[in-house]
Amino acid sequence: MADLLLGVNIDHIATLRNARGTIYPDPVQAAFIAEQAGADGITVHLREDRRHITDRDVRILRQTIQTRMNLEMAVTDEMVDIACDIKPHFCCLVPEKRQEVTTEGGLDVAGQVDKMTLVVGRLADVGILVSLFIDADFRQIDAAVAAGAPYIEIHTGAYADASTVLERQAELMRIAKAATYAAGKGLKVNAGHGLTYHNVQPIAALPEMHELNIGHAIIGQAVMTGLATAVTDMKVLMREARR
């Protein structure tokens, strides 16, 4: 089974910084520490309201990240312009609502295939690999293929939020079937949202998974153990799940 990659989302380093309007903690320093600890990539979400990561952060990170930069962003003209200028290695297109605390669901690709095709094409034209953040739904997977995206990221929020063992098993099965279906269509399959040290291994064990993007749990654990240890511990769990 291929190695499973870990993308560390550092948005909440910026959340902590912005809570006091200071210049620390610095997302750039956090990215460096995460990479040194084994992160395979760094993910940041430049939201329309700039509530955590800022344009300046994105530009500096693009110049300093030594692995791969994954820019999460809404499907807007402004964000596409920024991405085409900065040229991160990856862009993950996500739905976005200003009032939400965090991304609440997957992107409705099936309802806007023409628009998504144009955006995917525009990003691809400048060398950016595009991922679509979608629910574990065959219809959305088919739409991602139609739009020309090489990657999808399966939204694992319902799995993470399941309140019973039976609910979690049902969500895991749904994700597993979607991952198999997507891989059969030629897509690279990533996953993320709500993954923690306690629930990551069943997702990590799915053979089709290429990369997991994890942020809040790692940054939360970093408060207790330090960022390097938090990243390393997550990598260990992911490796164990693949044995």
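Yeah, the Cβs are placed from backbone N, Cα and C, and that goes for glycine too.
Here is what Swiss-Prot says about this protein:
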- Asn9, Arg20, Gly194, Gly215, His216: 3-amino-2-oxopropyl phosphate binding site (BINDING)
- Asp11, His12, Arg47, His52, Thr102: 1-deoxy-D-xylulose 5-phosphate binding site (BINDING)
- His45: active site, proton acceptor (ACT_SITE)
- Glu72: active site, proton acceptor (ACT_SITE)
- Glu153: site 'Transition state stabilizer' (SITE)
- His193: active site, proton donor (ACT_SITE)
Taking only C-alpha atoms and a 10 A limit, tell me which of Arg47, His52, Glu72, Glu153 are near Gly215 (3-amino-2-oxopropyl phosphate binding site). These are the recorded positions.
none
Given the recorded positions Asp11, Arg47, Glu153, which one's Cα is the least distant from that of His216 (3-amino-2-oxopropyl phosphate binding site)?
Asp11
If you draw a 10 Å sphere around the Cβ of Asp11 (1-deoxy-D-xylulose 5-phosphate binding site), how many other Cβ atoms fall inside it, taking every protein chain shown into account?
21
Within 10 Å of the Cβ of Glu72 (active site, proton acceptor), how many other Cβ atoms can you find? Include all protein chains, please.
27
Arg47 (1-deoxy-D-xylulose 5-phosphate binding site) versus Asn9 (3-amino-2-oxopropyl phosphate binding site) - Cα distance in angstrom:
13
